[in-house]
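Here the structure is laid out as structure tokens; the discussion comes afterwards.
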Amino acid sequence: MSPTLALTEDLIRRRSVTPEDKGCQDVLIERLSAAGFQCETVVSGPDHFRVTNLWAVKRGRAGTDGKLLVFAGHTDVVPTGPVEQWRSDPFEPTHRDGKLYGRGAADMKTSIAGFVVAAEEFVAVHPDHAGSIGFLITSDEEGPAHDGTIKVCDLLRTRGERLDYCVVGEPTSVSTLGDMVKNGRRGSLSGKLTVNGVQGHIAYPHLAKNPIHLAVPALTALAAEQWDDGNAYFPPTTWQMSNIHGGTGATNVIPGHVIIDFNFRFSTASTPEGLKSRVHAILDAHGLDYTLAWTLGGEPFLTERGELSEALSSAIGAECGVATELSTTGGTSDGRFIAKLCPQVIEFGPPNASIHKIDEHVDVAFIEPLKNVYRRVLETLIA
């Protein structure tokens, strides 16, 4: 069994559902310390939601003046869902038909194992490497992400730490390893809209004011709005409703208010402030009595073609035999926090078709090439 596969299986066995780490980072600390890394644990969050973070760094011969390449990842996984629907124990790595099954196999314990082994191999061959290698690992990426990567980034910022390159191990591939990497992500802006009316008997609408009826024209206008045209890197911004709550449960009562949850996934062609302003203008134009609470999940980020994307594309071509596609599709990731500290952030990992699903898995044949891609990037940028 290869060291990468063995480490992947060890991590999968640990039931690290957010925010639990279940010793995953202890395993990484043992491995990285043996390879010469200085490891620091950063614990954050309230008593009922303690998050474990790891910052590990091995300085090159140029010290802090040299380039620093960081791998970012998360040891936490999403819940399994109905265990009885899995063909095998989700926390017992199982091999079937050339695939490794287990929660976190694709998202993202294989990536973590791959980069750790790549770093071990790299420093063994290049003990006097010029640049530095870092690891930023959290147990709160799949959850609210308030006490994970963002806290470590804040800490590094206060120390004046400069990050030059960051590879995030998210599962970005689609059909085969390396066919897609993410060089950016859209921003996420959510709103909770409450439209007020007057509750009353449904048989006497003239004595009430139905907030659902009042809200519908405004919601229709919001759904039809063209927020922007996107750009060369991002598709147009989207606005989607996710929940509508109204009524008392009775069929003969006009509700006093209705609550609508919605979300923007927005490109660099728009700003949170601009989107908020336009939403309020549409609601005001319809004369609604409303309140609106906003939550900014993250701003968009983009890494244009440069040293990191070229190194990664070249490594993928050499190891996987495919021409990779740079993409900004999909949801948010911790890259949004790191991008404020690091000018070049690229996400790359195994295919994502099974992530968060029953019987999550990774092709065993992709595990060593993934590690080799990571090692080639280290060779190119910091040897």
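Here the Cβ of each residue, glycine as well, is placed from N, Cα and C on the backbone.
A quick note: this is a predicted structure, and the numbers were derived from the prediction, not measured.
For HIS74, ASP107, GLU170, the entry in Swiss-Prot reads Zn(2+) 1 binding site, with the evidence type sequence analysis. HIS74 (Zn(2+) 1 binding site) falls within a strand when secondary structure is assigned with DSSP.
Using a 10 Å radius centred on the Cβ of ASP76 (active site) and all shown protein chains, the other Cβ atoms total 26. Feature annotation from Swiss-Prot assigns active site to ASP76.
Annotated Zn(2+) 2 binding site per Swiss-Prot: ASP107, GLU142, HIS356, in sequence order. The Cβ of GLU142 (Zn(2+) 2 binding site) has 21 neighbouring Cβ atoms from other residues within 10 Å, across all protein chains displayed. According to its DSSP assignment, GLU142 (Zn(2+) 2 binding site) is coil.
What Swiss-Prot lists as active site, proton acceptor is GLU141, and the listing cites sequence analysis. For GLU141 (active site, proton acceptor), the number of other Cβ atoms no farther than 10 Å from its own Cβ, over all displayed protein chains, is 26.
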Counting only residues 6+ apart in the same chain, whose Cβ is under 8 Å from the Cβ of GLU170 (Zn(2+) 1 binding site)?
ASP107, MET108, SER111, LYS182, SER333, GLY335, GLU347, PHE348, GLY349, ASN352
In sequence order, which residues at least six apart in the same chain have a CB under 8 Å from the CB of HIS74 (Zn(2+) 1 binding site)?
MET108, ILE137, THR138, SER139, ASP140, GLU141, GLU142, GLY148, THR149, ASP334
With the Zn(2+) 2 site defined by ASP107, GLU142, HIS356, which remaining residues of that chain have Cβ atoms positioned within 8 Å of the Cβ centroid?
VAL77, VAL78, GLY104, MET108, ILE355
Counting Cβ neighbours within 10 Å across all chains shown, tell me which of the binding-site residues ASP107, HIS356 comes out on top.
ASP107
